[in-house]
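This report refers to the structure that appears directly beneath it.
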Amino acid sequence: MSNLRRAAEALRRSKTVVFFTGAGISADSGIPTFRDKLTGLWAKHDPQRLETADAFRANPTLVWSWYLWRRHQVSQAKPNSAHLSIPQLADAGWDVSVVTQNIDDLHERAGSSPVVHLHGSLMDVKCFGCHRPAELSPDQLAVPLEGQLIEPPRCTRCNGRLRPGVVWFRENLPDNAWRSAVRLVRACDLLVSVGTSGVVMPAAGIPDMALAVGATVIHVNLEDVGMDGADEIMLEGPAGVVLPALLQATGVAALSPPGVPT
């Protein structure tokens, strides 16, 4: 039996499915890679040096402007057929949830719910000082003109600077997000890991967490992730091709609207 048929059988037998997603699921959505498509002002900067609390303390205007630009790039991207396959499975009767390492909002725009963001979201803003979430107007979130830097807005409660609601390097995962992820994974009977690197802890331990409670794990990746468990199934290929094929093999129609990459 092929791995695709094995995966389809596992999906048919399941009731509660968690999709655990990483950068690979958004690869076909046109979100620019940092190094290949940086232009103008941002070509001078190493993105990893801008994604720390120390960088924000040293130059909050530069870091805030960088994230406004990133947010704009994400807003121009569209959910691809991999994102769209997940709510299609939910519509067909499965209990489906998403735990993602991505900071884009493509799962939400595809129609998935609930979505747990382990690393925060570019769409969220919080105070650097008191850590409370904040709401901003569209004007305050407008992308800066080329070469222009914008001072971050201030918190209405403590007057601290506002920052992106993402997890920076050397920061811990949000407690609420991690607890929600653990609860969902421990309650699932099938986990589909899509486009994850498998190296960033503690999130990299999520597939093993699912296996420990008796769930089957399907890995979707461009290359073999080196799994060795009897309850693991490897599907190699782009997520935008593999997930629709899995749904079709299971008997669920997985059609993409015009203009969506497949």
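A Cβ is built for glycine as well, from the same backbone N, Cα and C atoms used for every other residue.
Taken from Swiss-Prot, the feature domain 'Deacetylase sirtuin-type' covers 1-262.
In three-state terms derived from DSSP, Gly30 (NAD(+) binding site) belongs to neither a helical nor a strand segment and is classed as coil. According to Swiss-Prot, the NAD(+) binding site annotation covers 22-42, 101-104, 195-197, 221-223, Ala239, on the basis of sequence analysis.
Taking all protein chains in view, 22 other C-beta atoms sit within 10 angstroms of the C-beta of Tyr67 (substrate binding site). According to DSSP, Tyr67 (substrate binding site) sits within a helical segment. Feature annotation from Swiss-Prot assigns substrate binding site to Tyr67, Arg70.
In sequence order, Gln101, Asn102, Ile103, Val166, Val167, Leu173 make up the list of same-chain residues 6 or more apart from His119 (active site, proton acceptor) whose Cβ falls under 8 Å from its Cβ. The active site, proton acceptor annotation in Swiss-Prot covers His119 and is backed by sequence analysis.
Within its own chain, Cys155 (Zn(2+) binding site) has Cys127, Gly129, Cys130, Arg132, Ala134, Arg161, Leu162 as residues 6 or more apart in sequence whose C-beta sits under 8 angstroms from its own. Residues or ranges marked as Zn(2+) binding site by Swiss-Prot: Cys127, Cys130, Cys155, Cys158.
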In terms of DSSP three-state secondary structure, what is the assignment for His119 (active site, proton acceptor)?
coil
Other residues near the Zn(2+) site, CB within 8 A of the CB centroid of Cys127, Cys130, Cys155, Cys158?
Phe128, Gly129, His131, Arg132, Ala134, Thr156, Arg157, Asn159, Gly160, Leu162
From the binding-site residues Tyr67, Arg70, Cys158, pick the residue whose C-alpha lies nearest to the C-alpha of Gly30 (NAD(+) binding site).
Arg70
For the binding-site residues Cys127, Cys130, Cys158, which one has its C-beta crowded by the most other C-beta atoms within 10 angstroms?
Cys127
Just to confirm: which same-chain residues, 6+ apart in sequence, have a Cβ under 8 Å from the Cβ of Gly22 (NAD(+) binding site)?
Thr100, Gln101, Asn102, Val194, Gly195, Thr196, Ser197
Calculate the distance in Å between the alpha carbons (Cα) of Ser26 (NAD(+) binding site) and Arg70 (substrate binding site), and round it to a whole number.
14
